[in-house]
Amino acid sequence: MATEEIPVAKGGIASLWAEPVISKYNLKCSNLPILNLNNPYSINFHLSWLAFLVAFLSWFAFPPLMPEAIAEDLHLSPAQIANSNVIALLATLGVRLVIGPLVDRFGPRKVMAWLLVIGAIPSGLAGTAQNANHLYAIRFFIGILGGTFVPCQAWTTCFFDKNVVGTANALVGGWGNAGGGVTFVVMIALFNRLREDGLSASASWRASFAIVPVPILLTVAVMCFVFGTDHPAGKWSQRHNTLGTKIAVTRGHEMILDHDEETQGSGDLEKVDEKDMEKKADDAAIVTVVPGDTENEITSELDIAVNEKLTTKAAIAILTNPLTWLPALAYLTTFGFELAIDAGLANVIFALYKKDGMGQTNAGYLASVFGLLNIFTRPFGGYLGDVVYKRYGAPGKKYLTLFCGFTQGAVALALGLYVQKKVESGETPSLAVFMVLIVLIAIFNEMGNGANFSLVPHCNPYSNGMMTGIVGAFGNLGGIFFALIFRFQPSPQGKPWWICGIIIMNVHLFLIPYRTST
């Protein structure tokens, strides 16, 4: 294949169904042909967000039915409901930390598939809960599914280049996070249908778990195994067979091979050249390759970085790198706040407006808006991250992330003060005003999440799995932290909202001096 005869990538809407344009250095795709399914890039893209979305069908299946059906059946107090929301996030916190190194070692596809299989087990046992302690145990183990976020983001980072990775990560993250909203709609609709068919409330919520989460989790896991691929270079053990890796070694990077690669010998890197890369593209039925002649085109570590298994030396370097904690702390206050809202918003709306006739069904549907907005808002944040990167580099992604997070905190502060003023005066807050402020929080919260994971691939790019795991775990840590605030400052007060808002605003101001890489 002669690079001078290769067409450039189509821009705009046309690029969505164009042929992939790949880099000869890292074999990553530099456009988003997500409507063209005749290539591994698009297939893995869609498997990534689909797997993350179906994980939500179990991970957040309890909150939609919690205000009435589950709470009454298991005789739960408001404190026990709040406790279960916190416990649901505890397992995910630990799993995300562990999953990161596993992704770097075994690849995101296999890790994703096995998480879905393992998470299906406690999901199938959800209907056996008889009291609060049973609920705590089941929600803890179902929390394993929250770890799917790490392979979701790492998977697209493996397949998409630096100019579009923000949009790609935000799309799969946003469409996956939309599962939080989808879950509210699906579980409530199924519960109501089972009730209409004559089942009791107790039997209906228990049957809902067996009907929806379990078979879907297992089906998507099989799809990942059958249709997914590990890396643009082929198997995960072949990921170092790129021109970019050769250049990284010549620049002094110490490549850490997996055990099954060591038999090949590092000398194989000498065989990696431009013709080999173009042949790989032909073999993969990819018809376009980004033209280039010299190493001078390498402008970022992302051009040559490949996931490597974790060592003690690498772990220390990651943990002592300020770039690790910039996105981690920002994500703690954005995705963490989102998790707390997803888990508790239905209860907040139910408590505020039940005297006006608000029931579990309507409260659940209103709460679903927050999660469903991810379909648009998180991808838009990632897209803006890629836009500012073209002009301002990684620092542009940083400031976009911080702006979105700070604004989210400011709106949460306003919501809290509004609700508290109304409640203290004996009035019911306007549902319209409440929902408008909730939507504004969602927009900036989810845009901030998208912008954040536009920045993450630039931080510790040789350990993207662990980096994603740390940032994702901090998101869960934030979920626990903010859920505890709502636990000890329960609704219908406005106090938990403005407390969270002040904390979020201050964290983002604190992060302004942090410097970023290219």
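Just so it is clear, glycine is given a Cβ too, placed from its N, Cα and C backbone atoms.
Here TrEMBL flags 44-518 as domain 'Major facilitator superfamily (MFS) profile'.
Summarising the annotation, TrEMBL assigns transmembrane segment to 43-62 (among others). Beyond the transmembrane segment (43-62), the same-chain residues lying 6 or more positions past its ends with a Cβ under 8 Å from any Cβ of the stretch are 32, 34, 37, 70, 84, 88, 92, 108-109, 112-113, 115-116, 119-120, 123, 126, 135, 139, 142-143, 145-146, 148-149, 151-152, 155-156, 159-160, 168, 171-173, 175-180, 182-184, 186-187, 208-209, 212-214, 216-217, 220-221, 223-224, 227-229, 342-343, 371.
The transmembrane segment feature in TrEMBL is assigned to 111-129 (among others).
What TrEMBL records for 136-156 (among others) is transmembrane segment.
Annotation source TrEMBL lists transmembrane segment at 168-191 (among others).
Positions annotated as transmembrane segment by TrEMBL: 203-228 (among others).
The transmembrane segment annotation in TrEMBL covers 329-353 (among others).
For the transmembrane segment (365-384), the residues of the chain that approach it from at least six positions outside its boundaries are 56, 60, 63-64, 166-171, 173-185, 188, 338, 341-342, 345-346, 349, 400, 404, 435, 438-439, 441-443, 445-454, judged by C-beta separation under 8 angstroms. Positions annotated as transmembrane segment by TrEMBL: 365-384 (among others).
Residues 327, 330, 333-334, 337, 352, 381, 384-385, 388, 392, 429, 433-434, 437-438, 440-441, 444-445, 447-448, 451-452, 454-455, 492-505, 507-509, 511-512 of the same chain lie 6 or more positions beyond the ends of the transmembrane segment (399-419) yet place their CB under 8 Å from a CB of it. If you look up TrEMBL, you'll see 399-419 (among others) marked as transmembrane segment.
Here the transmembrane segment (431-447) has long-range neighbours at 174, 177, 334, 337-338, 341, 345, 349, 352-353, 366, 369-370, 373-374, 377-378, 380-381, 384, 404-405, 407-408, 411-412, 414-415, 418-419, meaning same-chain residues at least 6 beyond its ends whose C-beta is under 8 angstroms from one of its own. Residues annotated as transmembrane segment in TrEMBL: 431-447 (among others).
Taken from TrEMBL, the feature transmembrane segment applies to 467-485 (among others).
Long-range Cβ contacts of the transmembrane segment (497-514) within its own chain (Cβ-Cβ under 8 Å, at least 6 residues beyond either end) map to 322-323, 325-326, 329-330, 332-334, 337, 340, 398, 402, 405-406, 408-417, 419-420, 482, 485, 489. For 497-514 (among others), the entry in TrEMBL reads transmembrane segment.
On the 0 to 100 pLDDT scale, the domain 'Major facilitator superfamily (MFS) profile' (44-518) averages 85 in this prediction. Within its own chain, the transmembrane segment (136-156) is flanked in space by residues 44-45, 47-49, 51-52, 55-56, 58-59, 62, 83-84, 87-92, 95-96, 98-100, 103, 108-109, 111-112, 115-116, 118-119, 121-123, 125-126, 128-129, 165, 168-169, 171-173, 176, 217, 307, 453, 456, 464-465, 468-469, 472, 475-476, which lie at least six positions past its ends and keep a Cβ under 8 Å from the stretch. Residues of the same chain lying 6 or more positions beyond the ends of the transmembrane segment (111-129) and with a Cβ under 8 Å from any Cβ of it are 47-48, 51, 54-55, 58-59, 61-62, 74, 95, 99, 102-103, 135, 138, 141-142, 144-145, 147-148, 150-152, 155, 205-207, 209-210, 213-214, 217-218, 220-222, 224-225, 228.
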